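Engineer: What TrEMBL records for 48-242 is domain 'TLC'. Residues or ranges marked as transmembrane segment by TrEMBL: 56-77, 92-112, 119-138, 144-163, 184-202, 214-234.
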Amino acid sequence: MCILLWLLPIRRRHSQVGPTPQSGLHTGVVHWILQTLPRPKAVEHDAFRAWKWKNLSVSMVHSLVTGSWAITCVVLWPETLYKIYSFYTPHSYLLICFSTGYFVQDACDIIFSSYTRGAWEFLLHHAMVIWCFLYALYTKHYVAGTVIALFVEVNSIFLHMRLMLKLAGAQSSPFYAVNKMLNLFTYITFRLSAQFYLTWYIVQNYTGLDHGVYFMTTMMLMNTMILIYFYRLLRADFFPNHKAHPVQNGSTKFLKD
């Protein structure tokens, strides 16, 4: 409900966009539906694995929807790529509304779980994303930039699948091996490329952008985080020189590797 209250003023100011306040409600409905679906036995009888599976399932739905949505916006309106500060369409604006609802819901899910201590970096990431997205929604500035930022969700599909396979104990399966390569490819082409392109744009147009200092700082923090995650990914999947340890008593192993 808090998500609906946050987005209601935006709906009133931009009524031509459509039913944007329902974004948080839709995420909540997806969250409830996924709880009714069957889960692997390795997940079912472990509290942490069960919660993490449910959380990743919701995140997977978000990535499938927003990743394809963001690409569609760029294909239909190519000016999204170079009018990052000023350009937007009702469709791209609605995309940001929908994604903001998800990030707020996911942050709340983590906070109200018993595993917050091991997920501080995810909460920091979500806080930066939510603030940037809300700024774009209220000012109509950087909407195109947030659409490009959501290209990372294409890679998130395979990141979420990777963690779900690990939770299910399927690291040795052929599907995990295929997903591992697709994850690496999309990490470079969608996550790193989109992030560095936005960083380049801010550097090139720094003096003419509103709140340039804040967005530059945010991008630098984001860049640092995704490079650390990339290192962890390479170490865990391609250069495993350490023994794997199972998740025990709310361990954060899967949140890091």
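Numbering starts at 1 and runs along the chain as it is shown here.
Cβ atoms are placed via backbone N, Cα and C, with glycine included.
Where the annotation comes from TrEMBL, it is an automatic prediction and has not been curated.
Describe the structural surroundings of these features, if you would.
Structural biologist: Sequence-distant contacts of the transmembrane segment (56-77) (same chain, six or more residues past either end, CB-CB distance under 8 Å): 27, 30-31, 34, 37, 87, 89, 91-92, 95, 98-99, 102, 105-106, 109, 147-148, 150-151, 153-154, 156-157, 160-161, 163-164, 167, 190.
Counting only same-chain residues 6+ beyond the ends of the transmembrane segment (184-202), those with a CB under 8 A from a CB of the stretch are 67, 84, 145, 148-149, 151-152, 154-159, 209, 212, 215-216, 219-220, 222-223, 226, 230, 233-234, 237-238.
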Engineer: Please give the average pLDDT for the domain 'TLC' (48-242) in this predicted model.
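Structural biologist: Within the domain 'TLC' (48-242), the model's average pLDDT equals 93.
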Engineer: Under an 8 Å Cβ to Cβ limit, what residues of the same chain, 6 or more beyond the ends of the transmembrane segment (214-234), are close to it?
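Structural biologist: Those are 121, 124-125, 128, 131-132, 142, 183-184, 187, 191-192, 195-196, 198-199, 202-203, 206, 256-257, in sequence order.
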